[in-house]
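Structure record follows, encoded as structure tokens.
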């Protein structure tokens with residue numbers, strides 16, 4: 001196969017993942033309001049796609065237009081391919097919302113009322129709502145030499161209003177801009193009595209369209225057109241000019257709201273001359289214009305399921321399983337000292353991790369606590385426990401990653417609070433994101449210091465721990481806990497990388513470990529021995545790993561990859577990858593765990609990791625891979641993390657050589673296997 005065809009386009013692969021998410025919104029087996037949520041997830045993902053990936057392609061085209069990307073194409077060619085795929089996905093999304101979801105919701109008494117369908121009583125209520133809630137806070141900006149075109153915030157809802165007449169100062173009118181503040185809901189619930197006892201919603205854009213004339217008394221409104229600008233959201237911090245990383249991040253967060261435009265969304269009814277006017281204002285081309293049949297921001301519909309009390313239209317509630325042994329002992333440290341604990345979230349509760357930190361804060365025998373924070377949410381019992389530990393006089397060190405995309409402001413806030421509580425807060429190593437998920441507790445026991453560590457595949461975030469699937473290990477293993485201590489010393493101090501006993505770390509040893517393990521399986525296959533690699537991750541795009549997997553496949557290694565999102569490897573290509581199979585599982589839970597398995601002539605080497613197989617994870621982040629050696633825990637990771645995922649024939653998608661996906665289905669006579677439901681049955685409370 002030609003060199004340029006061995007690697008698929010990562011952006012097209014990411015859009016293909018979102019097509020699989022959209023399939024959840026189409027699936028009649030998914031509860032109706034959850035289908036609406038999946039529709040919103042696609043919109044949110046697309047926003048980030050344009051803010052990050054499309055923005056990167058545009059920058060790359062400007063910087064080096066002739067350079068070929070990993071997929072063998074130049075940036076301009078890739079932009080054209082990606083734009084076509086994005087348009088197709090967005091059209092499909094709006095068709096689904098308008099022609100399928102809205103009618104089905106209406107049958108359940110959940111209505112989105114358009115202006116043409118408002119009853120007189122609804123019109124009266126909506127006008128009162130506008131006068132009471134909107135009119136006092138809206139600020140129209142008329143465009144003239146003293147009022148230049150305003151800079152809309154990233155992803156904000158705006159309206160271009162065409163006017164006729166002269167204002168109070170005798171100025172001829174032409175156009176004004178109205179910006180809808182973000183504090184306003186994008187969908188407004190109507191009183192039940194106005195909706196026949198059901199649930200009714202109106203779009204904020206419809207309310208503004210109906211009453212925008214009140215912002216321009218005495219003027220004639222000729223047209224009102226919603227638009228939304230998506231901007232490049234990359235944060236750039238110059239190391240040479242850097243004095244204070246936290247202050248620099250705070251400044252960049254403000255600037256990000258006004259980055260270069262990458263996408264303009266308008267309704268499909270917007271006239272051509274308005275579209276051209278807006279494109280000119282934002283220095284965009286027609287290729288960057290997206291006309292949609294409906295509201296320009298479907299993301300904000302995610303409020304609707306929470307406003308509708310219909311359990312029959314939502315997923316059933318699951319209760320995470322709890323460690324029975326934890327209730328029988330006074331201390332989690334006593335339990336871990338006996339044997340390590342493996343947690344599989346969300347099927348098993350995240351509470352033991354929280355309890356470990358709470359106990360560390362209150363236990364007089366605990367001398368020091370260390371933890372990394374990448375994403376943790378706006379409310380975190382874990383961070384509160386760290387603050388309590390610091391206030392209690394313990395040595396608390398927290399590595400806060402300020403560059404966690406779209407969580408920067410939240411992490412800056414936590415860093416301030418932790419410092420005020422007396423914790424030592426460091427921001428990692430400039431140029432390397434700290435993505436490793438690790439915590440360390442140092443305790444004095446019988447006159448000697450004893451370490452306890454938690455290492456996970458997911459964030460210290462109680463909210464996502466109920467949605468994302470992840471593994472976590474709590475251990476007192478002396479070599480592993482010593483390794484974790486070395487990693488914290490590397491991050492917070494200065495010096496050469498320490499020699500680790502069991503852990504592997506990026507950017508120093510993890511990539512080499514993966515390449516070496518693949519090569520070892522390759523040699524075993526050449527020698528006629530059984531050889532197998534099974535791995536689960538979010539993304540696989542690192543070219544040298546892909547080439548190593550191709551070599552392994554050619555040697556006869558059987559390779560099964562469970563890749564939820566981007567995968568730029570081509571599976572099943574004769575002479576290249578016929579022994580590689582790739583599947584993606586998309587369901588209620590977000591598959592997030594990273595698990596690596598290498599047969600190794602029967603030793604079954606198994607790791608849990610924070611790292612996907614991407615260049616950034618191997619070379620530009622601080623990551624960990626932890627071996628699972630305890631026989632029972634290894635058996636669980638292989639079975640729950642890999643085997644059950646390979647058996648799934650309900651939510652699995654099978655990747656094809658061209659990068660497309662086909663949904664798996666039970667073979668004739670085969671029973672259904674549903675990874676996530678089966679894990680709830682196996683592990684849930």
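A Cβ is built for glycine as well, from the same backbone N, Cα and C atoms used for every other residue.
Less than 8 angstroms from the CB of residue 468 (ATP binding site) sit 345, 346, 458, 459, 589, 590, 591, 592, each of them six or more residues away in the same chain. Under the DSSP three-state reduction, residue 468 (ATP binding site) is assigned to strand. What Swiss-Prot lists as ATP binding site is 45, 468, 564, 592.
According to Swiss-Prot, the Mg(2+) binding site annotation covers 375, 405.
Among the features that Swiss-Prot reports, active site, phosphohistidine intermediate is placed at 435, with the record citing sequence analysis. Proximity of residue 435 (active site, phosphohistidine intermediate) to non-local residues of its own chain (separation of 6 or more, Cβ distance below 8 Å) is seen for 374, 401, 610, 611, 617, 621, 622, 623, given in sequence order. A coil conformation is recorded for residue 435 (active site, phosphohistidine intermediate) in the three-state DSSP classification, outside any helix or strand.
Across the fold, the C-alpha of residue 564 (ATP binding site) and the C-alpha of residue 375 (Mg(2+) binding site) stand 20 Å from each other. Summarising the environment of residue 405 (Mg(2+) binding site), the number of other Cβ atoms within 10 Å of its Cβ, over all protein chains shown, is 14. The ATP site, placed at the center of the C-beta atoms of 45, 468, 564, 592, has further neighbours from the same chain whose C-beta lies within 8 angstroms: 538, 565, 590, 591. In the three-state DSSP classification, residue 564 (ATP binding site) falls within coil. Its own atom aside, the Cβ of residue 45 (ATP binding site) has 17 Cβ atoms within 10 angstroms in the protein chains shown. DSSP assigns residue 45 (ATP binding site) to a helical segment in the three-state reduction. Straight-line distance linking the Cα atoms of residue 375 (Mg(2+) binding site) and residue 45 (ATP binding site), rounded to a whole number, equals 17 Å.
Other C-beta atoms found within 10 angstroms of the C-beta of residue 375 (Mg(2+) binding site) number 20, with every protein chain shown included.
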